[in-house]
Amino acid sequence: MRWLFKLIDRHAEHGVRQMAHRHGRRSLLARLGVALVGGAVLPMLPFDRSGQSSGAAHAAEPSPRKAAKPDPREDPLQCEYWRYCAFDGYLCTCCGGSLTQCPPGTEASKVSWIGTCLNPQDGRQYLVSYNDCCGKGSCGECLCNNNERERPGYRLGVHNDINWCMANTSPMFHCTTAIIAGVA
Ligand code: ABN
């Protein structure tokens with residue numbers, strides 16, 4: 001049995017010596033040195049603290065999509081809406097009516113001013129009838145004054161600064177609609 005213990009002892013001693021040889025004091029000191037120098041130098045390296053760096057790492061990231069800006073030419077609540085190119089008055093869309101309907105308590109003017117406007121969606125020119133809504137005092141909301149192809153007031157037929165309620169029972173002007181009357 002003794003011989004077995006001796007054999008185990010010798011193997012263990014051999015293993016320990018080999019390990020000590022591989023990971024000796026010098027190796028330990030060398031690793032310690034690397035760790036110390038690395039720890040001291042690393043914080044001195046320049047790096048971007050702004051959070052806005054545009055490096056390669058960021059190039060791989062999908063950029064957040066900017067929300068598409070709404071086109072005012074498509075919004076009937078804006079003076080820039082395409083049908084309003086020759087509009088002069090208060091938008092009925094802001095006054096309880098719509099593009100084609102007068103607000104409750106008012107009636108469409110019997111005569112109107114016709115403009116010609118470009119529809120950006122199909123690139124065609126449309127005839128737009130600007131009928132005033134009559135029978136109530138002015139709405140006062142969303143005043144728009146666009147004058148595409150308008151001509152001076154001495155030519156009544158080509159002037160849009162007119163109260164088109166003049167032919168109605170009540171000449172009181174409230175707001176203006178923009179009705180498609182045909183393709184130019
Ligand atoms: N067509 C709108 C309007 C009404 C009164 C005065 C000027 C313009």
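Keep in mind that glycine also has a Cβ here, set from the backbone N, Cα and C atoms.
Note that TrEMBL annotation is computational and uncurated.
According to TrEMBL, the residue from Asp71, Asp75, Asp88 that belongs to the substrate site alongside Asn160, Asp161, Ile162 is Asp88. Here the candidates are Cys134, Cys139, Cys142, and TrEMBL names Cys134 as the disulfide partner of Cys165. When you check TrEMBL, the disulphide partner of Cys95 from the set Cys133, Cys139, Cys142 turns out to be Cys139. Using a 10 Å Cα-Cα cut-off around Asp132 (active site, proton acceptor), the disulfide-bonded residues Cys79, Cys102, Cys144, Cys165 reduce to Cys102, Cys165.
Just so you know, the Cβ of Cys165 (disulfide bond) picks up 23 other Cβ atoms within 10 Å once every protein chain is counted.
With a cut-off of under 6 Å between the Cβ and any atom of ligand 1, the recorded positions Cys117, Asp132, Asp161 reduce to Asp132, Asp161.
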